[in-house]
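**Q** Taken from TrEMBL, the feature domain 'Chaperone DnaJ C-terminal' applies to 1-114. Taken from TrEMBL, the feature region 'Disordered' covers 161-189.
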């Protein structure tokens with residue numbers, strides 16, 4: 001069922017002697033939910049895991065729209081990546097005139113990483129001993145000497161893109177204000 005969809009019950013309005021009964025018409029209005037988003041018959045929900053849950057497994061209850069508690073849990077050994085989606089069949093919205101056919105419930109997982117500096121050098125070494133090895137491609141000291149060293153810094157990419165767009169608009173506006181040169185005209189015959 002969609003926003004604005006009309007459901008008509010023909011001949012079900014008030015009945016009175018010597019009159020034709022009218023129809024009852026319901027017009028659906030989709031209301032936004034704080035947790036669930038609807039697309040067609042499917043529902044979408046976001047959930048944030050910490051890094052330990054993403055790597056080692058998780059379980060959490062999810063309260064569905066009808067009040068039921070769904071136990072959401074990972075399979076043993078399963079790793080969840082940032083922005084990964086998982087689906088649960090038949091937990092979406094019911095289909096119109098087919099109430100036992102339901103869409104899917106999609107869970108969009110966000111993975112929260114520890115803050116910079118949260119791990120000690122000893123903890124980093126312990127993690128390196130457990131996790132897969134770093135890719136082979138590290139440079140030798142001689143190769144490193146030939147490289148120019150750089151410094152990474154934190155950036156909010158949305159703010160950067162917005163600032164650059166405003167700068168481009170300002171430059172385009174300033175170009176419009178500049179006097180234009182003479183245009184070449186066709187010779188009169």
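Backbone N, Cα and C define each Cβ position, glycine as well.
These numbers come from a predicted model, not from an experiment.
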**Q** Using DSSP, tally how many residues of the domain 'Chaperone DnaJ C-terminal' (1-114) sit in helix, strand and coil.
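**A** Tallied per class, the domain 'Chaperone DnaJ C-terminal' (1-114) gives 6 helix, 50 strand, 58 coil.
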**Q** Check the domain 'Chaperone DnaJ C-terminal' (1-114) for me and report the mean pLDDT.
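**A** It averages 90.
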